[in-house]
Amino acid sequence: MDLSAAADRNVRWFIVFRVVFNARFYYPVMAILFLDLGLSLEQYALLNVAWAAAIVLLEVPSGAMADLVGRRRLVVFASFLMVIEMLIFAFTPASNLSLMFWLFFLNRIVSGAAEAAASGADEALVYDSLKQSGREKEWPDVLSRLARWQSGGFFFAMILGAAMYDPNLVNRALSIFGIPSSLTAADTVRLPVYLTLMSSVVAVIAAVRLHEPDLDTTKNVSAGAAFAEVVAAGRWILATPVALFVILATICNDSVIRMFLTIGAQYYRLIQIPEAAFGIIGSTFALLGYAAPPIARKLIARDSPAFTFAVISTATLLGLIGLGLVWPYAGLLFPMLLGLAMSVMGFATSYYLNQIAEPARRATILSFRGLSINLAYGLVGLLFAALLRSLRAADASAADDTLFITALRWMPWFFASVAALVLAKPALNALRRQS
């Protein structure tokens, strides 16, 4: 197979893999699914901690292994982990709550490992295959196609997953086709999981169909070699002003936006959005992926990461300020602005890091991006919780909604302060390097 044909094939299967790996049918009902199966809120919180811990611990080492043993192997490994994850999720018995919790704990560890294994490896493989055929300038086109397909995939998964969870809706749908049905919530609770199990098989097929580019990398795959790879990539990032700036700018914006998305349901209630519309809002967020690529491409055409992230950060700041206004109904505009900023940022970050990364360490460098994002998100989550506790201590009689609104109004100040503190020097260094 010639290099250009291999690149085209990798692009196609990369998009398929990303869509089916990330657009999971149970996402719109994930929290209530675990609770309806019998877990407590505390147990669900522990499961999320286990998932995040697995990603943080394995993110960069898996990127280093991808650079050492081959990106395709790591992507295939991630796809099989997804199958194992979904098998546990689909067939864990609900009759024994203690056993169910520990099996779901294992499920979350496997899920985090899959996320870490895929992160960076798939992207690095496709970019390098384009570069080998002299077509690396097509990477923005690939990101645009990926954004469109992922948006459609998420929209479809959000709508269908939520619908399949509702036994009344499933029964009505079956009756349209003349199939008598009296399914209960116990019957439909795992239907979104079964659908995701089927899509995990598609992920395996897509991963296997990828073609590994020939790279001049070491084949020493010992633990020491992997550690050395991590250290070398870290040093490269610290010594490369543009890369350091892009990663820092990304985590500053991503952490506060994701923090809001985590607590978004409470905000929607405050602006008088009915709960029945939450799924529609989530689907609308997914469709922002169609609007982001044209904006991102115009920004990166200026060949200035500082300018690109200045625009993104301004949008983030305006969105955070708008949240504090708590406008009924019209307040939906500000989460949409934040969602758009996040989509544009994801496009720009991938473009800049792939453009400047060393080919032999590309997956490791991209994994540092993922690790930084997750660590920053966790830190901001802890700070937000500490802020709520301090506000509660200052006024024990305050209503929860009042405390929440006050905390929202602190977010733009926090973001502006952190952005100014963290990004000022790297931005100047990046501008000097470009000039």
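Each residue, glycine too, has its Cβ placed from N, Cα and C.
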Of the residue ranges 141-165, 366-390, the one that TrEMBL records as transmembrane segment: 366-390
Contact check, the transmembrane segment (333-354) vs the transmembrane segment (230-251), 3+ Cβ pairs under 8 Å, seq sep 6+: yes
Sequence-remote partners of the transmembrane segment (366-390) [C-beta within less than 8 Å, at least six residues beyond its ends]: 52, 55-56, 59-60, 62-64, 66, 116, 119-120, 123-124, 233-234, 237, 247, 250-252, 254-256, 258-259, 262-263, 349, 353-354, 357, 403-404, 407, 410, 414
The transmembrane segment (191-210) touching the transmembrane segment (12-35) per 3+ Cβ pairs under 8 Å rule: yes
Outside the transmembrane segment (41-62), six or more residues from its ends: residues with CB under 8 Å to it: 31, 34-35, 74, 101, 104-105, 107-109, 111-113, 115-117, 119-121, 226, 230, 233, 364, 367-368, 370-371, 374-375, 378
Cβ contacts the transmembrane segment (191-210)/the transmembrane segment (74-94), at least three under 8 Å, sequence gap 6 or more: yes
